[in-house]
Amino acid sequence: MDMPMNRATRTTSLRDASDSSKLEGTGSWDAIEWTKIEPPISRFVSHANLDFLLESELVAAEGNGVVLVNTDDAGTLMVTNFRLIFLSEGTRKVIALGTIPLATIEKFIKPAVKVQSNTRHVDKTPAQRLLQVIGKDMRILVFSFRPRTKQRHVVYDALLRCTKPTRLWDLYAFASGPSRFKNTTPLVRLLDEYFRLLCLGSYRASINIIENGSFTLSNDLWRISSVNSDYTMCQSYPFALVVPKIISDDEVLQASSFRARCRLPVVSWCNPLTGAVVARSSQPLVGLMMNMRSNMDEKLVGALCSKLDNGSRRKLYIVDARPRKNALANGAMGGGSESSSNYFQSEIVFLGIDNIHAMRESFVRLREYMDTHGRTSSDGMSSFLRQGGSTWGGGNLSSMSASVSTLGDSGWLLHVQNVLAGAAWIAARVAMENASVLVHCSDGWDRTSQLVSLANLLLDPYYRTFTGFQALVDKDWLAFGHPFSDRVGMPSVSGTGNVPFELSRQSSTSNFPPSPMRQSSGTFVSQPPASSHSHNSNNYSPIFLQWVDCVSQLLRIYPFAFEFSAAFLVDFVDCMLSCRFGNFLCNSEKERQQFNVFEACGCLWVYLADLRTSSGGSHVHYNPFYDPLKHSGPLLPPAAALAPTLWPQFHLRWACPEEAQAGEIEAQCRKIVMKYAEMQKAKEMAERKAKEVTNSMESLNAELRREKQLNSSAMNMAKSMSKENMAIKRAIQSMGCKVHVSGSSGECIVDIESNPDILCCSSRKESNSNVRDDKKDMSVSVVITAGDDDDGNNAIGRVCETLCPFRFGDGRVCETLCPFRFGDGGCRWPNGGCAQLGSQYVGLKANFDAFDKLSIDDSYFKSE
């Protein structure tokens, strides 16, 4: 966010007192010399570079040479169908302070300030043309336009048109459509939450079970009723209700007539272990004399109190959020409060929380106080802090001395404390006493929603997560009919005719804030506020904003209990006020269903989830201190801890931007978390690389082991072959032959030179015999291939016996000539075979496989 400019650094071209033609202000408003603004600003902004516009956002009007009085920034003011945008003069950047969504504007007015001059011609001094914009987010902006131009008129008329569209479809939420933030059906989300509360987690809601009405499930104590599925019983209640199992739908219909707007007692939250519940309703219609009763209402309320484990009846607290005198006053209009004598074992408690009108006026006073004492005050003069006063100190109000009393006069913090104390009391009764609590106010949709949702937040840690917080808002605020259009001042649906839906905008009835009136001289001329045009502006009240403020106070008290941060709450409130999404349009679930809001508009929850996903766990929406194990049960804050302070991220972000930033400890922790996340990613990458290297090493080791096994096998085979080769060589040499061994292509070739006195022959098993007639040196080459013959006999053995040179023609062996026989007639090679082929010896050629099958007796190698 752009930081405001220091008042001491204002440009002298706007305040040069030496020029008598310039305007001089004797009051608090600084005179501005428009003719001296350099360089001259063109009439229209170039639309070629408007990257800051959102999807479907269109420019309706613009004014040039406009000055944001809060910070003395000059630039261009643009009105779109969604926002009022202020661009800086030089950089064309969007200035956050001067940019506000149209739906966030509570009202705007165009006053004219007549500045007195030192000359006698006072009437000739042009009046400053101002436009004041008051926002629902604590902003009060003042824009100053050039005199004698129609720019302010153009911008003002555009604001009138865009802030009060005549048709529902003209809202930006409908113009932009769901886009990539497509909404999920809230009816399905509500049923899923009911299933969780009733411990029916195995069921999943869908459109089909809603259409066929099969969602009416139950457990031992409670059931989901479809009695209001068409919204005929109660238009402001959801289509599905959780009621006691022993109460029929007919009895529910009868009991609804005894409550204001038929908002009968129903279950909002139940403890699955103890059976205690937090229920909600509107006030009973007991009348002025407080003597009206309803047996069916008493039966329904009594059914909220199931029996305890020891058989005794559970205690019931009926909490009336109003002051007692207000409840009695409502009796004159037919309302009132219950009598404990009519409801068995019950106790009536009044919390004394003020109504919506008191909250509205308190918020207005707080906003004026922030504008008066902030660094970006709308009056353009030095305030308390700019005069060197104490800083805000992150909520330490004791440093503000005399100004603390002024803040106390607003009453805002006191109201916040009352709501917090009431919710904490309800949570304590449920958690500590196992009691059931029924909460109501007048209509059951303002203070009741605040108390019930805060009590649920304290009791159930699920609601302190992102998904749980969404379920809580969807259930206790949207489904149960908090009138957002009326309370937040959003477009509301009313009227009939050719225009399908007429929209009206709500606003506070308070007078124009006194910021421009804090001047010692000068004439102030204003026109009536022109943002509301409302027939029911008295219904505007920041009830939901106050509830979010209470959540921020709990987040401050229990920083470890919430998954989300204060920054998330600020963005959540901004989205709600901006009307950019359809979640908070209309006053009830029925209206949103009737006008198909959820399909036609985008979803706030999807948008916020997309923001978190884009940055991962380091996003500012995540609470860096969150520890779900530290607070896994109910939060029961003591009364002393409920003293609230200003919510700096929201209350001070425009008045004192430097004080609205996160605390020093949180900022440091967030940096540590981000650095830890980066280190975690680096660690994961290193672990992945280490794992890849380990896998590669294991693969290489396995390959090496295979190679070693192959090498060992080859070595063993080589040794075996070498041993047999030596045996063959010795056998042949013993016959008086010379042996030459050579290897080629996996075969071993043995050449034998025979004795010249012995006839040699040449024979080849696989081919015809080739004989050379050489008496002195005859040779035969024989190729012996391993294998069996056709009869299954060993071929080598058969050949050896056939070719034996020491056998006679009749098969007898010549024992005298056999070199393998001992003197006593024994054979050194009893298993060997011999070969005989005529009377010639030749070389022997064989492969390893054939020789491997030769069996040589080990006794041959022994010494004689």
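From the backbone N, Cα and C atoms, a Cβ is placed for every residue, glycine too.
On a predicted model such as this, the values are computed, not experimentally measured, just so you know.
Database features (TrEMBL):
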type	residues	note
REGION	1-25	region 'Disordered'
DOMAIN	202-651	domain 'Myotubularin phosphatase'
BINDING	Asn355, Ile356, Cys441, Ser442, Asp443, Gly444, Trp445, Asp446, Arg447	substrate binding site
ACT_SITE	Cys441	active site, phosphocysteine intermediate
REGION	504-533	region 'Disordered'
COMPBIAS	504-530	compositional bias 'Polar residues'
COILED	676-717	coiled coil
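Within its own chain, the coiled coil (676-717) is flanked in space by residues 616-618, which lie at least six positions past its ends and keep a Cβ under 8 Å from the stretch. The maximum pairwise C-alpha distance among Asn355, Ile356, Cys441, Ser442, Asp443, Gly444, Trp445, Asp446, Arg447, the residues recorded as binding substrate, is 12 Å. Its Cβ taken as reference, Cys441 (substrate binding site) is surrounded by 28 other Cβ atoms within 10 Å in the chains shown.
Taking Cβ-Cβ distances under 8 Å and a sequence separation of 6 or more, the neighbours of Arg447 (substrate binding site) in its chain are Ala321, Arg322, Ile353, Asn355, Val419, Cys441, Ile543. If you count neighbouring Cβ atoms within 10 Å for each of the binding-site residues Asn355, Asp443, Trp445, the highest count belongs to Trp445. Taking the mean position of the Cβ atoms of Asn355, Ile356, Cys441, Ser442, Asp443, Gly444, Trp445, Asp446, Arg447 as the substrate site, the remaining same-chain residues with a Cβ inside 8 Å of that point are Ala321, Thr448.
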